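Working notes, beginning with the structure itself.
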């Protein structure tokens, strides 16, 4: 280890220590009477205000993998790797109205997961189970992906592969176990401060290079011009445009449906909090945009990956071009940026398991305390499962699984997102649509070959990416399309066609337990049950009517649950 | 289709009364009432129950619907048209339009969402 690396490691460890302490302290922050309910452990009491929600959602959406992998993509192909910017701009207007409805209906009914909503809306336990299983399967590789980001940082700092990652994740698992969603919410504040400094550092460093961005882009342009690939460059090649647009659209749809996004959303205090945050979050995309430009800066500075691991380009650029302490802070930003979403994702997957599988099939009468215990245990299991995948299998396996996961989670759109607007779809038609979408999506993913760096040589026959060449259809063009969008279109078509068929055949509709007013209820609305009253799954007893005398006012006797708290 | 499985929010509906009519034999009912469909036993006007059976269920207007929400389409559609921003010029600080143009859509989205948040409650 060189002196530089020692300094980087020292800064990294200092930040990591602070994060650890904050994570454990989070269990005491706004401590509820009992943390042993899923509302408290898994949703932070559903009471996060504007700022905490902002940090939670930004930590949730802008993950370490994004910070590491996307600039690497830009480094490799240029403009085509820039798709996360349109994706993370369009996602917020797409969700602005939809998420508020989701928040309301979940608050009125005490739902913790999207699968519970689907079960209630379409009156179908089977459909809820499908949504829950898809959510869990899609989330797990995403957690493993966060580890890849962290691994790249450790590699640049000259640490060995196995134990540092294990230690970092053990710490993360422990404070998540203890503090639940409060942990990542607080830690995310540190993460955002670090990211802000990292972005400033990039801007300052590039501004100090003679010629500034002008030269950086000119050098990058020369590199793409001389490379053997045809789909790279500072602008989109004509054959990449369709894939660029569909990938941005599909990623936006998938982001909304991922259970961890919805977990972050449900933790907001009221609709106004959520809407204010959705209005502010597009600006956070600017930080990602600046970090992506590191890809070009790395081309300019001639940065090369360490040990053949492509994801090390970004950390390596920081190590070579910034003072060691700033590099240490940037590494900490990536490391903490991996821990925050990993924690939220594991909580979301655990909640799905508890509410939609354990409670439905194993122990229907589980108490709130038991539910929380199951959720905590599952969140640990999920995290260590991800760790084992990265340590024992290769990282490519996790990336392939994540690719499939994105296509899987998109298939829940008709049930979850359209379900917020209509219960027109028949429950079996929705299940059929999901099945058709999955079949088409998986088949198409299987057909995509993987190319080597020059963009021509086939490295692997199958499962090589998500860009499906249109030439498979016999169309004479180089263009390709994002698999998920096609699968989703098939899914929607099947669901829409099967619904009238099933109705005509007399298949019974499920009972819709929600009402239109549930979708617009807000904090303070009498239909939104007070947080104190929500005990997971237990029906809220109706308050007995007060005795009313028409003649003499009877003094009201305080009820048992009112009056001075003794604790 | 069960928009009013629990009854719409304004249930029961305000009472509707049959229009005043001249019942003398030989006087034709007003034109507005000569509609096809099930008629009351006397053939003069329909009962409320028969009418509601033939009428399409009233379109329930969502409580959070607003024409302003169409504005949301602008920041969704613009970033999905590569023809708009797939160019180098004009550059800002040496950054091609492709990059800073797409980043500026973030400001547009944020501005429109803020406007809607304040305008539509």
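Note that the numbers count up from 1, one per residue, in the order the chain is shown.
For all residues, glycine too, the Cβ spot is worked out from N, Cα and C.
The range from A:244-266, A:451-473 that TrEMBL describes as transmembrane segment is residues A:244-266. Of the given residue ranges A:162-181, A:222-241, TrEMBL assigns the label transmembrane segment to A:162-181. By the count of Cβ pairs under 8 Å, the stretch nearest in packing to the transmembrane segment (A:127-150) among A:48-68, A:244-266, A:278-300, A:399-421 is A:399-421. Distant neighbours of the transmembrane segment (A:479-498): 238-243, 246-247, 249-250, 253-254, 406-407, 410-411, 413-414, 425-426, 428-430, 432-434, 436-438, 440-441, 444-445, 448, 466-470; these residues of the same chain sit at least 6 beyond its ends, with a Cβ under 8 Å from one of its Cβ atoms. For the transmembrane segment (A:428-448), the residues of the chain that approach it from at least six positions outside its boundaries are 122, 124, 126-127, 130, 134, 403-404, 407-408, 410-412, 414-415, 462-469, 472, 483-484, 486-488, 490-499, 501-502, 507, judged by C-beta separation under 8 angstroms. For the transmembrane segment (A:373-393), same-chain residues at least 6 beyond its ends with a Cβ under 8 Å from one of its own Cβ atoms are 36, 38, 41-42, 139-141, 143-144, 146-148, 151, 161-162, 165-166, 169, 172-173, 176-177, 180, 342, 345-347, 349-351, 353-354, 358, 366.
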